[in-house]
Structures are given as C-alpha cells and as structure tokens.
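Here is the structure we will look at.
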C-alpha cells in the first residue's frame, strides 16, 4: 500500500473519522438532531447528513476550521446541554464569522476520537491528502502523470524533465509507478531541507556528526545562549532518537531537526511561555489585553450580539471586556449596541458566561467595563446579577483594612472581577460605612466620554443620568471620570479614577504631549476605544497608544487584522496571561522619555534577521489547479516612529512547498523595549495587492537568537519559516 494509505491505516482516530458516525447536532433546547458525519477520502473535507430540501452543499472544508473545543465550551452547548454530558460534547469553531457547530457524541470515548482526529487532520494530514487526491484511479500507486498533479497540489511548479528525474530516482522497481516504500522515498526527497544540512555540516566536526561539544558551539555561536556542556547534553538526551548516537553523546541530523522544530528551537523565548514578569506592581504599570464592544460578533450596526463573543475574547486571555447595558423587556437589562439593528443578549446570560470562562486561560483579574444606559430599577437588577452570579470573586470593597493610596497588583487580584463605571461618591466612603448619597445623578458628559459618541448615541445625550447606589457601590478601583487635561488630572484625579479616550484624541496626545501622557499613565489607568465611524468593526493601530503608556487599548477582537495581530503578539509572552509589565521608563516618575523625539533615551542597538526558508505553504486559489504561490517574506517592525519600518525578500516564482530566500536584514533599533516584530508571508502579485499567506508577531524582547518560527495565518498554524536572528553589540 502507498505511504499515505499506511499513515491513515495506522491511526485509529483517522480511521474512525473515515468510517464516520452519528452525532447529535445542537442548536437549542428544542432542536437536537441526529446527523451522520464522516471525513471524506480526500482527508480535507467533512461530509454531513442534512434533511434540508434542495441542500446542495453537505460538506465543509477542514481548512475552514479555526479550532476544536472539547467539552461544553461554547454558548450553545453551555446553554442547551446538561453538565452531566460534558465529556460527550465538543464544538467546531470556524474561521471568520461562520457559526459554531455544536455536537454531542454517544459517549466520551467517541467524543475524544472525534476531537483527536480533527486536530490531527487540521495540523498533520495536508500532504497526505494531496497524495490521495493525486491518485486518480485509487490504486494506491502514483504514475508520472499523477506525480506532476501532486506537485501542483502542494504548491510546486517544476518542468517536466525535473519531475521525470525525481520519478525515476524513486522508481526502484522500474514498474512505471511508485508504491509503498517508493512513495516514502519520494516524500523524503520532497521534505529534504538543504538549509538544515548546511547548518548541520558546519558544526558536525566529529566523524560527520554533532558531538556534545559541537552542539555547544552551535548554541554559543548561532543562538548566543548562556549555556554549558550540561545544557547541550540535555538536548541530546531529549531529542536524539538513535540510542547508539545518544550513548556516544552525539546528535544525528534527525535529532538536530527535531530539536529545531520543538519548543527549545522556537523563536519565542520558552521562558516567556509561562508567567515570567513581576506581577506585584500596581495595576496601572501593565498593558492590559482589552476588547471593545465585546458582545458583537460582526459589524457595529446590524450584526449579532452573543455570549459566544465574550467566550472567544476571554479564551484569548482578554482581561477587559465591555458591556453596553440598556433597559430590556420584562424588567431584564440587555446588552447591545444602542440605536442600531444589532441583536440583544440578556445581561444575566453575559455575566454567567463571563463567570464560566474568565479564568480558564489566565488567573489574573478581569475588568468589566460598563456603559450604563439603564433605568435605576434595571441598574439595581444588574448589581444583583453580578453579586449573585460572580459571588466572592466580585470585588465589592478595597483590599485591606485601610484606605489605599495606589492600585493593587494583578497578583493581589487573582481570580477577581473589577467593575469599571460611574461611582456616586469617593472610594473612602466604603471604609466609613457612609454610602448614603444625597445626589443620585452623575454627569451624562462623563458617560459620553466612555461611549463611542457616534451619531446614534448622540441622540441619547442628557445633562444628567440617575445612578443606582447598588451599582455605584460595586465600582471600586475603576471609577470613570471625564478627561479635563493632564494638569487637572494631576491635581484632582484620584488614583482609582480613570478616563476613556477615543482613538483620535489619544493619538493626538500621544504625538503632541507624549511625555505628559506617559506620566499621567504612571499612576492612573487610561482606556482607548475605536472611533464611532468604524462601523465595520475595523481597528486602529494600538502601538502609539502603548508607546504613551496607555494600559487598556481596546480593539474589536472579532475582526482579523494587522492591528489584532499586533495585539495578540503584544500579549503572547508572560504566559499569555493578558498582562504585560510596561518598560521601566514608562513606570518611574523621574523618566522624561519621549517616544517622538527620543529625548532622555538610551538606546541604539542593531538587529540582524536572516530569513532562510519556508515549508509547505498552502495554495490560496484552490479552485485553479495550476495556481502556485510566489512567496515573499516581509519583516515589519512597529515601535516608536524612528523604529517603525519594514524590509522584504524577493519573491520566489511557483514554489510554495520549500522556497528558500537566504537573505539578511539589518535594523538599527532605538527603543527595543517597545518594538513589535511581525513576520509576514505573502503571495506576490505584480498587478494587484499581494495576498496574505501567514504571519507571526511577538515583542522584540521575546525573540530568541537563531531560532525557527511557526507562522500563523491569524490563529491557525500554517507552516514553519526558519528565521535566524543575531544581535550585534
């Protein structure tokens, strides 16, 4: 049998999916239907039974799947199934704005097989499915014609003579077709990585192999690591599969490649994959991953509102979510984008979802940013829901027994919820049991400062709004106040009071008053939100806001974009906990740092990125059999204006399978602590805009020297790109 048949035959989960089985599709309490699902023979398509009349498309592509969630991890499953079937449930989350597919298996073992099989297909089966598709007559053999078809499938355009040469080299039996071990040989030739051989042979100074001392030289010279012989030996013990070589303390080429493809070989410093920063400083000393209008799944005018949007944001370690609260039917407050056609979701259901998912990916505090448009009676119900549902996790008074003078730390607030909104009195009233309010109104002007101030909401402006004391009392460390200038804030704004800035105002302050803005953010929180004109849920560039020390830079999480790539990259290190400690010059009052003029700066360092090669880039135009990508790589830097730049390789014609660039890029960096590096791979087009193939983004301070990079197309792992990075003193 051919190599790809052997692969699926040897995997119980894949065989299970190819046979298929019954699953219960769940949409509501009253809509739970048995449907048959199976993986198609191409290993790229899922077929499912449908009872809809005239339904032409009963399949979906594996490529459309973003992730698979095991258990009741979606809005629908959590709402419409019982906790007793947790182990039987799973959800297929699609890319873009397609609805989740919520499913329940007959038992937990079958659910486990479906989840495991789908994950394997998503990440590993691509090349084998291409082989299967190329085998036109399904005889488990590959003729020269089928081989040419296969090469086009995997994104390689070669001339006929090279294809024939490759075929003859593998056709040991001289039968005119490849099968079994011959296909395995063909696959090995295809996946051979010349660039790895060059590096390996450079350091293999011990009888053609890398000894423990050779490996140490590699680590010291290429990766600039502070390591010793014991560290090199540990890598051999961990990654070398050849026992004879391991006994001799040698690393073979296969072991070396395995090391480069695993965690220690990642461009992201492994030490940064867990919480590694000081988490005991005041809350305002951190960048905080933040979402704008979190309830929206699509645009700002007519799209759906859903608890699923909160789940998705929280599962990405978002630590500040927004709730636009309005009076609803039957006395129950709802959340939606006021004065628009967006759908409504119950406030109570949102709080339940937040409670359930807030601390699954991060144990650090979650801020609930309330935009309150409710009547006093429904505000009281909002307070009741938060107290009853969030329980002891809801912060209802300052920490400690005395009035604090600064914000607590993320460490002190682990597992807690903070409410951001209006408060009728000062915080010290919470200690004096003096919560009786003579004036129960707050300025609508302040509330408008927190809102998007778009055309629809402008209609609702009033001079004052009534505020329920029960809701006011829940606002502890994040009291919303109107911004009246930095000097006014310095003299009149308490440490627990914070202002919101629309993007244009924040951008102007960051450019014209950067040092003053940074000092403001040293002891107070600032929240930035998108302009009301972004009705398509597009995003602004968050980097200038971070440069000015702004903490809560809220973006539309539902919109894949360069700006969201930067946001996810910013919060990738420190265990993806949603909090990143700001640089020292943004925290200490003596600092006079200005990101625009670079006054009082260090700073200049030089970085070199060596872009070597890529592997197995996907075809973008799958409808055209002969469409092959022409990839190029661009290295983009985002930081202070002097550091914001990019450089790119040449494009390589008709090779998405194993393109090699081998180009060096040198950058002179002024403020490395603020630089984000974004690696972008695109399909070059001379007549129109290039198409995105994949990207990866991380802070420059988290980049390891001499490491390999797993590139992402937004969220989904696509391919590996070897990046070697060197720091020149």
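Glycine is treated like the rest: Cβ placed from N, Cα and C.
Please treat TrEMBL annotations as automatic predictions, because they have not gone through curation.
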Stated TrEMBL location of region 'Disordered', expressed as one of 441-462, 463-484, 485-506: 441-462
Minimum Cα separation from residue 41 (substrate binding site), reported as the residue among recorded positions 292, 337, 683, 684, 685 that achieves it: 683
Fewest other Cβ within 10 angstroms of its own Cβ, chosen from the recorded positions 29, 45, 173, 293, 654: 29
Secondary structure content of the domain 'C2' (587-713), with strand meaning DSSP E or B: 9 helix, 59 strand, 59 coil
Between residue 45 (substrate binding site) and residue 628 (Ca(2+) 4 binding site): CA-CA distance (Å): 21
Number of other Cβ atoms within 10 Å of the Cβ of residue 684 (Ca(2+) 5 binding site) across all protein chains: 16
Averaged pLDDT score, the domain 'PI-PLC Y-box' (471-587): 96
Cα-to-Cα gap, residue 371 (Ca(2+) 3 binding site) vs residue 37 (substrate binding site), nearest whole Å: 43
